[in-house]
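Features reported for this protein in TrEMBL:
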- B:42-175: domain 'Beta-hexosaminidase eukaryotic type N-terminal' (DOMAIN)
- B:77-B:134: disulfide bond (DISULFID)
- B:197-516: domain 'Glycoside hydrolase family 20 catalytic' (DOMAIN)
- B:307-B:358: disulfide bond (DISULFID)
- B:353: active site, proton donor (ACT_SITE)
- B:535-B:552: disulfide bond (DISULFID)
């Protein structure tokens, strides 16, 4: 993904630095009728009559008729989490006054799962039902959802409806909310290769994702720079290819923990093992995997992409992806396939000979396609679906009908979306949402204003756009700056992917998002400020 | 691009690399370097440093910082007592105090890379300070030069003042490293060092966002690691007034974001000043007037100019009202308080970006203009205000720092006023530096160092390449450059993102202001040291962001 980045870098460098207190266009702070809700539900009726909530009497419980009960560990954990978000972590010394006046207090949130398959022990998928309905009234509020996934989203919404008055008393207004996501795939890409990301950072960001109703963690786990994934079958990969074989790796237990932590929050984990390019670190622990580059007649000692002409390559990949497909439960694996540099292949006489044999002439994209085709077949054999970067589609590789093409190139974006969907493939959009590109000012607005379906195409084509991803590539990001760089900028993308397409009022969004970011800060996420101002509870960490 | 790739290897220099020698040819050479201890890795680069492969182990159980027999300061010196304690922890940051670490004391031992271990461990660093004075505050004329020598198992640090000793301790701490087995070493080294500029500042803005005290204290720590010596505290501005004034408590109770949680109490301010003093850092507060004062008006009715819409007051307010005696009485009392709270001999008076629209709209101001013979030149009114304010401050025995507009508008100010240049591109600020110094004024540069403005990529390089003396002027003029300041304005910065946004980018400014320009003109070698230094900052608990791809042995583990 480096080529495009360079171009942007030049653009960014030309931004003028004219004034000390340079001001971007700052939206107006308005009193949004939707309070601090983020992302905005599809339909929300919030009445003016308010009820109180008391820490000592309020409970989140399973509704009597719910198909999920006390054995639903996932919901039990969520109840506790959202109780803590709602009431804070500190234990009060004085018990709250019991409200005697009937009709002023919400004392219970009942969660009613209606499907006979509540999915308590399942994994979320692209077809999971995340819809829910929330009725806030006294004395009981009711959250109804077909599956636990919708209940998780509804709990987040409920917690966002609660607010404190000047005396510290918690209130919630009588409300009626019907909600469902506009797009099913709402992802965040984190890159743990260019910099290693400690587990804590990944888990904290899964929390933040849930606060923003994201449902896919796209784990760009390995790349040229390092191979932190500890493979059980090929332990040498991380032993040789990670920055450090003990402190900078993800053990199988780490990976499991990420997957389970994500599941509990209704988030899928899609791992990306990008080949044949972006694989320098693979070569360290798997000799013979990469193509030896030549300088004239002799090997130069450097290596290029995966060697596509050897049977041993495909034997390795078959075993490796077999492991990956059992470690990661999601139905999809991301296979990468972007930015393959042909110069090394061109330099290698064995590759040249192979090209001749296959009748590829000098078209190395045919060799790339040959490789990818075989990898796709291997992965298909593991019963997984796959996602790929757009180049694979552009090069005309034969894809399964359920392949998801990820569009990341900013030039001719709409044309690409048109082409991919008219070929009948599902697609997700990440080109406008490369959040690693930073600039001065309120760039969240830029991300917010994107309309994923603005390309030319039939309704059927538009249905093939299943969502998008905000990408935070790791060249300049590690545990020190990842979280404030991602949030609340990624929140802008979250609303674009969840809420109705007509939700575009920047003033209203700014007002809700400012409060939402303070809420994230209060929940321990160091989300950076949108502009001048303050939160009641400032970030206390360092 | 190639440079960047090479750099990705260097980031791992501290420990040697498990990535092996494969990625790029350019890495191979650098990895060889990685085996040699990072004895050159001091940031900012000392004026003169020579070292050899001979090295001495240090045992955290036995090592001591000691006062020299002939030193003018002795135990009981708060600055150095505190510094010794701090630098012990910093120097041995991997030391838990548990089991004794194995230190190889055998003479003539050979370490894995073949270098000699030195005949004996380094048992102590003996510090000699020639001038008494442990209870004072650093100032513009403080001596920060020092000499550091590590030889024959003996460490000695000498400096004229305790402030110089502090700089030397920082350098010492950066010369100590751990090998793969965890043993601490320092190489035979000689350092002769002094700053290129006496004023090396960092501006934090606590008005646009409130910064909790611990964020400020942490920033002061990181400043000391970078040999910064001035904390420019832009404490109040339009959005909020967090400074709690005993004389005018309404200023913060009405003007802060919150009167209890978003203020600096007198004890907070004292804590900041003392913490800074112990690091040899001056605290210069800025109370910017007559513009940038919206928050002042809330707690001090009548201070600001009432704006008019036609012939009636519009209900909004402009800059400080410059025609009322009450304004000057108020300023006199407030600055009287400020000048006793803040011990530094300089106060920053601001004076930037005064918007004339409100003054123009006000009929009383119009009349005053006529009376004073200012015509319609509102800059004369601004000058009138500033001149009065400077008189007040001068009477309090303080010197003034002002933003460049005060000079541009030809305000009559005392000759020792320092003009702070903040506007424009290279050509413009160079021209301004030229004019200010030609006018005989001392000057500070900030224009190219607005670190709140961020870009994708390695923007520290732009800050690094700045040459503060690159303007046209005589040698006499160049002597008037006191230094510069990195500025972190607060529009988009609070406690959540301040530290990673500031460090290590401000480190580039730190080196430019401390080190010799000829020895620090190479970005590649600077990258190597800075990448290593940022890992050091992490080890010390400072959430400094990465320069580029790579890793540190000890990553930041908190959220």
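Glycine residues also receive a Cβ, built from the backbone N, Cα and C atoms like all the rest.
Whatever TrEMBL says is automated annotation, not expert-curated.
Known features from TrEMBL, placed on the structure.
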residue: B:77; record: disulfide bond; Cβ contacts under 8 Å, 6 or more apart: B:67, B:129, B:134, B:162
residue: B:307; record: disulfide bond; Cβ contacts under 8 Å, 6 or more apart: B:313, B:314, B:316, B:317, B:318, B:357, B:358, B:361, B:362
residue: B:353; record: active site, proton donor; Cβ contacts under 8 Å, 6 or more apart: B:291, B:292, B:405
* Once the DSSP letters are reduced so that anything not helix or strand counts as coil, what is residue B:307 (disulfide bond)? -> strand
* Asked: Under 8 Å Cβ-Cβ to chain A, which of the recorded positions B:134, B:307, B:353?
  -> B:353
* Structure fact -> Within 10 angstroms of the C-beta of residue B:535 (disulfide bond), the count of other C-beta atoms across all shown chains comes to 25
* Please work out which residue of B:134, B:358 has the most C-beta neighbours within 10 angstroms of its C-beta, and give that one of the disulfide-bonded residues. => B:358
* Structure fact -> Using a 10 Å radius on the Cβ of residue B:552 (disulfide bond), the other Cβ atoms enclosed count 29
* To do: Go ahead and report the DSSP secondary structure tallies for the domain 'Beta-hexosaminidase eukaryotic type N-terminal' (B:42-175): helix first, then strand, then coil.
  => 28 helix, 35 strand, 71 coil
* **Local confidence of the prediction over the domain 'Beta-hexosaminidase eukaryotic type N-terminal' (B:42-175), expressed as mean pLDDT** => 86
